[in-house]
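First the structure, in the form of structure tokens, and then the observations on it.
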């Protein structure tokens, strides 16, 4: 493989890995624009989930394109299962609307203190990061690191939530 091809692959994989984060950033900072764009009759959280799943597929295909799959060490399995458990629990407790910015889109989402909330700060992001760390045995460091940086960036963005920037309550 030539140097130009290696660079092109690295750029394409990097773009694929970071693709969701500008989308999340826009929705967090402009929730009313997203609600308006979705229009009447479309749940903005559901539409966000649909697009997020498509973007997640692109991320995964990007990583798989540079992965060297082999039998993972035991600790990678543990990290991955723990990360997925946290993600499952978050989704189980918050549902689609709570997971996909429902409160930003004007929905009333009840406050949850059940584990992992109240015990782990940003449990969904922690779960995702643990799952990514499990992939170090297959995927080059720079791509996992880039993806984790995206999560750290979103943790920082979401830590400064301003209730005044939320969308108008949905009817």
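A Cβ is built for glycine as well, from the same backbone N, Cα and C atoms used for every other residue.
The model shown is predicted, which means the values in this text are computed figures rather than measured ones.
The topological domain 'Lumenal' annotation in TrEMBL covers 1-8. Positions annotated as transmembrane segment by TrEMBL: 7-28, 48-67, 74-94, 129-157. Feature annotation from TrEMBL assigns intramembrane segment to 9-29. Positions annotated as S-adenosyl-L-methionine binding site by TrEMBL: 81, 82, 83, 161, 162. According to TrEMBL, the topological domain 'Cytoplasmic' annotation covers 160-171.
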### Task
Output the single range from 7-28, 74-94, 129-157 maximising the number of Cβ pairs under 8 Å to the transmembrane segment (48-67).
7-28
### Query
S-adenosyl-L-methionine site residues 81, 82, 83, 161, 162: biggest Cα-Cα distance, Å?
34
#### Entry: Other CB atoms within 10 A, centred on residue 161 (S-adenosyl-L-methionine binding site)
12
#### Entry: CB contacts for residue 81 (S-adenosyl-L-methionine binding site) [other CB atoms within 10 A, all chains]
13
### Task
Give the number of CB atoms, excluding that of residue 82 (S-adenosyl-L-methionine binding site) itself, located within 10 Å of its CB.
16
### Summary
residue 83 (S-adenosyl-L-methionine binding site), Cβ-centred 10 Å count of other Cβ atoms over all protein chains shown, is 20
### Message
Please count the residues of the topological domain 'Lumenal' (1-8) that DSSP assigns to helix (H, G, I), strand (E, B) and coil.
### Response
6 helix, 0 strand, 2 coil
